[in-house]
Amino acid sequence: MEGDAAAPAVTIKNIERELICPACKELFTHPLILPCQHSICHKCVKELLLALEDSFNDVGSDSSNQSSPRLRLSSPSMDRIDRINRPGWKRNSLTPRTTTFPCPGCEHDVDLGERGINGLFRNFTLETIVERYRQAARAATAIMCDLCKPPPQESTKSCMDCSASYCNECFKIYHPWGTVKAQHEYVGPTTNFRPKILMCPEHETERINMYCELCRRPVCHLCKLGGNHANHRVTTMSSAYKTLKEKLSKDIDYLIGKESQVKSQISELNLLMKETECNGERAKEEAITHFEKLFEILEERKSSVLKAIDVSKKLRLDKFQTQVEEYQGLLENNGLVGYAQEVLKETDQSCFVQTAKQLHLRIQKATESLKSFRPAAQTSFEDYVVNTYKQTEVLGELSFFSSGIDVPEINEEQSKVYNNALINWYHPEKDKADSYVLEYRKINRDEDMSWNEIQVCGTNKVVSDLEDNSHYAFRVRAYKGSIYSPCSRELILHTPPAPVFSFLFDEKCGYNNEHLLLNLKRDRVESRAGFNTLLAAERIQVGYYTSLDYIIGDVGITKGKHFWAFKVEPYSYLVKVGVASSNKLQEWLRSPRDAVSPRYEQDSGHDSGSEDTCFDSSQPFTLVTIGMKKFFIPKSPTSNEPENRVLPMPTSIGIFLDYDKGKVGFYDMEHMKCLYERQVDCSHTMYPAFALMGSGAVQLEESITAKYLEYQEDM
């Protein structure tokens, strides 16, 4: 019995690291289970959301200007804690927004949905284990009876219904046989009296009694009858309990049976660690030897260079000294002048002529040197400047010997820039590379040309915090230990001219669900030309006039600069895209038959004669026509017509709206080139506007976020 009693204590002691919250690094307190199946303290979730909310508010409160909708928080008018517990709200009462944050355990985004923290299960099992661990840690401190008269006795039982601890005598007194209290649940001495009842987060009054096999989570009967799990396969909680317990027991038995193998592998790992330690020290010694050889060569070259400079310096100083002495001889009462003065005192003519002739030649030579003064040597040591540029470059790339790592190549087709830049690359020796370094810089001659570096484990990366309307260069190199490959060829991308405008299609404003099909994400709309058009024709010889079906964005623009992008499917017959004011949209949507004809739309892009006479220099809308794989540039009110008004349809189209200046531009996203620009009346709220006729579809550009990148990797 003593051995059995000691075993749990050892187990509890060894599992401490499993009971640590990944956020606060302390023992769990009221742990909650996240959708990714990791647990986190209830208080840590709140603190994390509050911190993310503060950082979000520091960036800006205008939701339409957010370039990366990674964190979506609730309305500012709600109480702060309520925003965390119930973070859902609707943009313009149409678009639901949810709160997302990275899980501290796995770094994956966690979406709390409309219910926020209230939608998370409390991990009662983990909470019980933590409590047992705490009790084992304070085993020396006994839990005393709550009902004893002083001095209290040590408790032997705790009643979960009474939330109190009792000694043997008090328990018999307060739980007599034959009474209702005799049926109370009692456990060993504890201070944790929480009720162990798992309630449904969606239906707070219902107990959990089933298990959804598709979602792999417990549910109640209301979830199965009419909730999110209505069409899912569910099983009874007892069946799920039995199945999961059998699987877990088998796994544990297998691990216990492999205990000797695990110990053997641990011993092997310890030997490998020692071997690694020895090999690492040996590698360090070899590296030090190589560097010491380099130091010796540098010292020898240093000594030789300094000696040559000293020799040249001494030679020049000697020449200067000789020249100084010669010039000092020209001074009065000194040297040559003094000697000449003494010669002038000679009265014998023959003797004077004999001496004065040679002296005259010397004085004449000295006089000429005064007229054309030249130093005897150069003071500059330009010929002795050591050029270490190439050596510095080579030393900067000094690394371990490598047989060669292939250069990674950036995939230009899969790399793009929208609100952030998504860079994809491929590597022929992907498995041989430990990591990659992605380098990028803004191309601007007036600024620093240094590269920013990001270490990446995979073969793609999202780069954020890029400036608008700028060119950026990207390149990547592979690393294997300390060995690295040369850099890839540079990729140049041009960022949009303004912050990305985030919106979805509005299904509650003018949306014709008979002609248009909107997907669940509300980022793709499709127009189907089929039996509805044929059946609408009254007679065979009289065709049915098809109208334009309008759909707009669910967010309006009242100030600032904004940019959004989308794709028009190549099979589309006729699609109009652009911007329109709220009052113009009301006019169109109230009487769509009055504005169905492209001939009477002032900016339709068709070659109708009415455009020339009805074109207004500043109107409350601007739409261009796209169809049959063509992009039509509308006619201009001036004579400055473009040479070619019909262009090939771009793969992706961008729209730039400068609300304050009243200007709208249409861009080819692949080259970030403006195809058409004009003034627009922005006196009212402006909305992204789309219209379709016949078969066609428009797909909004998906924002490049870390969550999107993870989705791509899973694919």
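For all residues, glycine too, the Cβ spot is worked out from N, Cα and C.
Just so you know, TrEMBL annotations are computer predictions that nobody has curated.
In TrEMBL this protein carries:
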DOMAIN    21-72  domain 'RING-type'
DOMAIN    195-237  domain 'B box-type'
DOMAIN    344-401  domain 'COS'
DOMAIN    407-498  domain 'Fibronectin type-III'
DOMAIN    483-709  domain 'B30.2/SPRY'
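For the domain 'B box-type' (195-237), the predicted model reports an average pLDDT of 80.
DSSP labels the residues of the domain 'B box-type' (195-237) in these numbers: 7 helix, 11 strand, 25 coil. Residues of the domain 'Fibronectin type-III' (407-498) grouped by DSSP class, helix first, strand second and coil last, total 3 helix, 43 strand, 46 coil.
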